[in-house]
Amino acid sequence: MNPAPNLVMVGPMGAGKSCIGRRLAERFGLEFVDVDQAIVDQVGSSIPAIFEQHGEARFRQYEAQILQALLEQDNKLISTGGGAVLDPRNRERICARGFVVYLHVSVPAQLTRLARDRNRPLLQRADREQVLHAMAAHRTPLYRQVADLSLETDHLSPAEATAQLVLRLAAQWRMSSTPA
């Protein structure tokens with residue numbers, strides 16, 4: 001099975017990490033944990049409220065603390081926030097304690113998927129498309145750096161993406177458990 005203690009989903013907002021992650025967790029018998037939701041639960045405020053009251057830097061501190069605590073456990077499917085890879089310590093921990101799946105999505109697909117979403121503080125601006133392009137330019141190399149497996153989700157439903165990942169993960173894990 002999974003050669004790492006946990007399965008970790010990374011990728012930009014709108015890629016499907018939470019939706020697909022829940023499905024994969026159920027399929028593989030893992031406990032699903034959304035890092036953003038864990039932050040909300042621990043802090044007792046919404047993500048927009050945390051950004052407004054404490055700023056992005058404090059949010060990133062909460063994120064790093066919660067991610068570290070989750071990665072110290074086993075048998076979790078951890079859906080990270082899109083910016084979790086910005087912290088080098090997070091990247092190191094993710095790679096050390098997780099098999100990492102990178103879900104990629106294009107900016108046009110993100111704009112469609114996130115059109116009505118008001119819980120993304122970094123997108124509460126008129127220039128959403130430019131912000132997403134800038135984030136992609138900065139974060140995509142970091143997602144690729146930590147990824148053990150990648151999947152383009154633009155034209156896949158959550159069910160299709162899950163089915164593809166189940167097959168690819170099973171094949172990948174079989175290969176990694178085969179004696180050399």
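Backbone N, Cα and C atoms are what each Cβ position is placed from, and that goes for glycine too.
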Practice prompt. Check Swiss-Prot: it lists Asp36, Arg60, Gly82 as binding substrate. Then name which of Arg116, Arg128, Arg139, Arg144 it lists for that same site.
Written response: Arg139
Discussion item. So the record assigns Asp36, Arg60, Gly82, Arg139 to substrate. If I measure every Cα pair among those residues, what is the longest distance in angstrom, as a whole number?
Written reply: 18
Worksheet item: When neighbour density is defined as the number of other C-beta atoms within 10 angstroms of a residue's C-beta, which of the binding-site residues Ala15, Cys19 has the lowest density?
Response: Cys19
Practice prompt. Enumerate the residues of the same chain, Asp36, Arg60, Gly82, Arg139 excluded, that satisfy the criterion Cβ within 8 A of the mean position of the Cβ atoms of the recorded substrate site; list them in sequence order.
Written response: Met13, Glu63, Thr80, Gly81, Gly83, Ala84, Val85, Leu86
Worksheet item: If we check Cα distances from Lys17 (ATP binding site), which of the binding-site residues Asp36, Arg60, Gly82, Arg139 wins as closest?
Response: Gly82
Fill in: Which same-chain residues, if any, lie at least 6 apart from Asp36 (substrate binding site) yet have Cβ under 8 Å of it
Ile47, Ser79, Gly81
